[in-house]
């Protein structure tokens, strides 16, 4: 592919997951000739940061922020592709480095607005969720107020991987790690800014069979903070990179052609 047509994708995972969850998407985008970086956030995937070192959202997102910081002024802008809780991480990155981001693509992701604290969109969904719904998910409360979570296999099977291949679910069971839970204690209470994060092009990909972040909730976030374009993968569960990787890649390539 001509260098002028090559796009730069940066893939941002959600909690308990890591760069590993993007293996199908990364391979397909690279096969199409594009540059793809899948980041392990702190204490995720193979990143060896200890949970004790994560006190803030910036701490958790440090690998992503360091990658964007390393890009020179001559580098092309990146397309941030954010899944699930990765939407909050990508939004922080865009708030800090708006000039380096061509667009954020929210894939069944929590999308902060510019009037509420960053964690609000997640806390609003889970505030009434009972322990029965979380099933075998394990929560830890250390001495400090930051909370941690580890998705259990029963929860993942029912809510995250319900339409995904069994092999990918097995990969997830072996690979998930304890992650910081998105609270105001972690993310702070200051909203992202209108002139930085708010100025970056945002696209939302709705996953039509998502039972973790239901379609009505996905569309509610879009209504509350409208985006440039809304696309949908009708038969995707919460993990479209596993359940509908080809459809997801096709949309990402379409987005890259339009916005990067």
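Glycine is treated like the rest: Cβ placed from N, Cα and C.
Listed in Swiss-Prot:
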{"type": "ACT_SITE", "residues": "84", "note": "active site, acyl-ester intermediate"}
{"type": "ACT_SITE", "residues": "210", "note": "active site, charge relay system"}
{"type": "ACT_SITE", "residues": "238", "note": "active site, charge relay system"}
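Across the fold, the C-alpha of residue 210 (active site, charge relay system) and the C-alpha of residue 238 (active site, charge relay system) stand 5 Å from each other. The two recorded residues, the residue listed as 'active site, acyl-ester intermediate' and residue 238 (active site, charge relay system), have Cα atoms 8 Å apart. Around residue 238 (active site, charge relay system), a 10 Å sphere centred on its CB holds 25 further CB atoms from the protein chains shown. Cβ neighbour count for residue 210 (active site, charge relay system) (all protein chains, 10 Å cutoff from its Cβ): 24.
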